[in-house]
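Undergrad: Before we start, here is the structure in question, set down as structure tokens.
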Amino acid sequence: MENISVAVIGYGNLGSSIVKGLVRSQKIDPSNITATRHRPLEGKTTNYLGINVSNDNVAAVKASDIIIIAVKPYRVKSVVEEIAPALDPKKHVLVSVASGVTIADILGFLKTEDLPVFRAMPNIAAAVGESMTCISAHASTKEQSALVQEIFDQSGETLLINEELMDAATVLGACGTAYVLRFIRGMMQGGIQIGFSSHDARKIALQTVKGAAELLISNGKHPEEEIDSVTTPKGCTIAGLNEMEHQGFSSSLIRGIVTSYEDILKSK
Ligand SMILES: NC(=O)C1=CN([C@@H]2O[C@H](COP(=O)(O)OP(=O)(O)OC[C@H]3O[C@@H](n4cnc5c(N)ncnc54)[C@H](OP(=O)(O)O)[C@@H]3O)[C@@H](O)[C@H]2O)C=CC1
Ligand SMILES: O=C(O)[C@@H]1CCC=N1
């Protein structure tokens with residue numbers, strides 16, 4: 001990976017998280033990363049991470065091997081059409097992280113089937129090396145697939161999936177960050193009501209969420225098995241959990257996930 005150069009077209013919430021994850025990994029020299037944005041830059045063409053920043057998508061493509069498209073879905077067509085003449089199938093690999101835009105859409109914008117095109121669905125925890133990134137590929141060699149996976153491995157866990165599951169991956173793995181953050185906020189609100197300062201409620205909620213996830217990551221168990229270890233018969237945990245379920249806790253989560261999924265399908 002050391003000699004690979006990466007262009008991130010769209011240095012926004014997700015694009016900057018991907019870049020931070022890559023820089024943090026120290027597997028790629030920041031000077032080999034170029035990120036582009038739409039708004040005019042205020043003078044500096046390197047930023048605090050040591051990467052190149054620019055408004056010139058075509059120059060960024062020409063200077064890079066891996067091109068990550070991280071603009072809003074409705075901008076993918078114009079950006080891909082803009083950079084298409086600069087893309088060389090022998091050199092470049094294109095990766096789109098845009099929600100709901102298929103590989104077939106991108107090939108249509110490119111007007112070629114020859115370029116290796118990937119979809120990847122990371123989340124903003126890439127910035128701290130803890131993303132979950134699902135990846136699917138078109139017309140790529142094993143080496144190209146391995147390279148794209150290695151790039152996203154630097155910012156968390158990766159999973160190769162069939163593209164038909166990419167919208168589901170978007171909901172569970174990318175929107176999922178927001179669902180979990182809202183859960184944490186709810187924990188904090190409850191914690192404050194029963195006596196903690198916001199600061200301490202935040203600390204307790206975060207470490208409790210992290211600990212619960214780490215338990216399952218380390219032992220591979222189903223959550224309900226560990227819930228059994230927490231719920232004392234006639235105890236306070238089961239009383240609270242059952243009340244949460246009476247109020248529709250799991251059901252609202254499932255419905256929210258399905259609604260997000262339907263929203264992506266509607267946008268097509
Ligand atoms: N946010 C998330 O958690 C996730 C987002 N995604 C996908 O990632 C994509 C980006 O989302 P997000 O980061 O939230 O969006 P943002 O609006 O934060 O970022 C979009 C970036 O694209 C830049 N941009 C716009 N037009 C151009 C252009 N013509 N050339 C170069 N750059 C341009 C913007 O520039 P400027 O800053 O100057 O306005 C901005 O930096 C979307 O397609 C989304 O579906 C996928 C998974 C998770
Ligand atoms: O909400 C969105 O549209 C994007 C896609 C996945 C996460 N954020």
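Here the Cβ of each residue, glycine as well, is placed from N, Cα and C on the backbone.
Any TrEMBL annotation is an automated prediction that lacks curation.
Look at TrEMBL and you will find ILE9, GLY10, TYR11, GLY12, ASN13, LEU14, ALA70, VAL71, LYS72, PRO73 tagged as NADP(+) binding site. Per TrEMBL, NADPH binding site is recorded for ASN57. Residues or ranges marked as domain 'Pyrroline-5-carboxylate reductase catalytic N-terminal' by TrEMBL: 6-100. Per TrEMBL, the feature domain 'Pyrroline-5-carboxylate reductase dimerisation' maps to 163-262.
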Undergrad: To the nearest whole angstrom, state the Cα distance for the pair LYS72 (NADP(+) binding site) and the residue listed as 'NADPH binding site'.
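TA: Rounded to the nearest whole number, the Cα-Cα distance is 15 Å.
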Undergrad: Given the binding-site residues ILE9, TYR11, ALA70, find the one whose Cα is closest in space to the Cα of the residue listed as 'NADPH binding site'.
TA: ILE9
Undergrad: Given the binding-site residues ASN13, ASN57, which one is most crowded in terms of C-beta atoms within 10 angstroms?
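TA: Buried the deepest by this measure is ASN57.
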Undergrad: For the domain 'Pyrroline-5-carboxylate reductase catalytic N-terminal' (6-100), what is the mean per-residue pLDDT, to the nearest integer?
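TA: Computed over the domain 'Pyrroline-5-carboxylate reductase catalytic N-terminal' (6-100), the mean pLDDT is 95 on the 0 to 100 scale.
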Undergrad: Give me the largest Cα to Cα distance among ILE9, GLY10, TYR11, GLY12, ASN13, LEU14, ALA70, VAL71, LYS72, PRO73, the residues the record lists as binding NADP(+), in Å as a whole number.
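TA: So the binding residues stretch over 14 Å, Cα to Cα.
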Undergrad: For ALA70 (NADP(+) binding site), name the DSSP secondary structure in the helix/strand/coil scheme.
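TA: Going by the DSSP assignment, ALA70 (NADP(+) binding site) belongs to neither helix nor strand, so it counts as coil.
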Undergrad: For ILE9 (NADP(+) binding site), which DSSP three-state class applies?
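TA: Assignment for ILE9 (NADP(+) binding site) reads strand.
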Undergrad: What is the total of other Cβ atoms whose distance to the Cβ of ALA70 (NADP(+) binding site) is within 10 Å?
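TA: So the number of other Cβ atoms within 10 Å of ALA70 (NADP(+) binding site) is 26.
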Undergrad: For ILE9 (NADP(+) binding site), list the number of other Cβ atoms lying within 10 Å of its Cβ atom.
TA: 27
Undergrad: With DSSP helix as H/G/I and strand as E/B, how many residues of the domain 'Pyrroline-5-carboxylate reductase dimerisation' (163-262) fall in helix, strand and coil?
TA: 86 helix, 0 strand, 14 coil
